[in-house]
Amino acid sequence: AYACSFPPSEIPGSKECLAEALQKHQGFKKKSYALICAYLNYKEDAENYERAAEDFDSAVKCTGCKEGVDLHEGNPELIEEGFEKFLASLKIDRKALGSLCTLFQKLYAIPHN
């Protein structure tokens, strides 16, 4: 079981819920950025993406946000669609993905492939 490292949102029914969690909680930000990096390397390492998606799903449960994001893990045809919904829910610009991944790797000292 996943242990939540941050409290649930005070606005669980809002469309802004996940975006707010991204701003307020390091634990959620870490899982979100890990998912971005895993997505950018999806073709080389699909397993890593699946793991990151599962971790992110657990972190979403911790937020209490009703909106949620279906990442379609295990369904390669729908990965792109799920990731687009993730970006929209978290209000992340697609153009920023590379920089966010680099930032994540620096913040958490993750070796770059």
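A Cβ is built for glycine as well, from the same backbone N, Cα and C atoms used for every other residue.
The record in Swiss-Prot pairs Cys4 in a disulfide bond with Cys62, which is drawn from Cys37, Cys62, Cys65. Cys101 is paired in Swiss-Prot with Cys37, the candidate among Cys37, Cys65 named as its disulfide partner. Neighbour count (other Cβ atoms within 10 Å of the Cβ, all protein chains): 22 for Cys17 (disulfide bond). Cα distances from Cys37 (disulfide bond) to the recorded positions Cys4, Cys17, Cys62, Cys65, Tyr108 are smallest for Tyr108. Of all Cβ atoms in the shown protein chains, 21 besides its own fall within 10 Å of the Cβ of Cys101 (disulfide bond).
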